[in-house]
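Chemist: The structure that follows is given in the form of structure tokens.
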Amino acid sequence: MKRIAICPGSFDPITNGHLDIIERAAAIFDEVIVAVLENSSKAPLFDVEERLGLIRDVTTHLPNVSADAFGGLLVEYAAEREAATIVRGLRAVSDFEYELQIASINKKLNENVETLFMMTNSQYSFLSSSIVKEVAKYGASVSELVPEQVEIALRKKYQVSSGQ
């Protein structure tokens, strides 16, 4: 039986921290689905198709990784995709408290789905998509924070929105 895991998130945009977790999950599981939440309460910079495209672009070196979008409950999506594990990255203790609540309700909704917490690499412990967008918005380099394709997409996005 294939070991399938889901790495869920908004990925707006995908960062080197996300990619680190995805690569490590890909080394453990037979298949990893990077699942982009469609109906997030956040107002995204990149639409779902753009985010899926960026994820696919930066994971081409990982043959067992795919990208997909989902709406609704994550555990229902996991069951549809026959995934037994949800992989979540943790940056700090503050992440753990929130993630533990989500993992607990997911377990209550579907006892067959486990949540695996992975500590992020310490060089990415401060990193979030929000921080990346804030830095990029002001024209500063994010080359050490995101893959090159994402940096290019951010530059284009902010040039368009600033009218340059």
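Glycine is treated like the rest: Cβ placed from N, Cα and C.
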Chemist: Looking at substrate binding as recorded in Swiss-Prot, which candidate out of Ser10, Ser122, Ser125 goes with Lys42, Leu74, Arg88?
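Modeler: Same substrate site in Swiss-Prot: Ser10.
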Chemist: At a 10 A cut-off on CB-CB distances, which of the binding-site residues His18, Lys42, Arg88 has the highest count?
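Modeler: Compared across His18, Lys42, Arg88, the most Cβ atoms within 10 Å surround His18.
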Chemist: For a quick check of understanding: given the listed ATP-binding residues Ser10, Phe11, His18, Gly89, Leu90, Arg91, Glu99, Tyr124, Ser125, Phe126, Leu127, Ser128, Ser129, Ser130, what is the maximum Cα-Cα distance in angstrom, as an integer?
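Modeler: Overall maximum Cα spacing for these binding residues reaches 18 Å.
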Chemist: What residues, ordered by sequence, lie under 8 A Cβ-to-Cβ from Leu90 (ATP binding site) and sit at least six positions away in the same chain?
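Modeler: Listed in sequence order: Phe96, Glu99, Phe117, Met118, Met119, Thr120.
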Chemist: To which of the binding-site residues Ser10, Ser125, Ser129 does the lowest count of other Cβ atoms within 10 Å belong?
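Modeler: Checked Ser10, Ser125, Ser129; of these binding-site residues, fewest Cβ neighbours within 10 Å: Ser125.
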Chemist: What same-chain residues, at least 6 away in sequence, bring their CB to under 8 Å of the CB of Leu74 (substrate binding site)?
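Modeler: Expected: Ile6, Pro8, Ala35, Ile86, Asn106.
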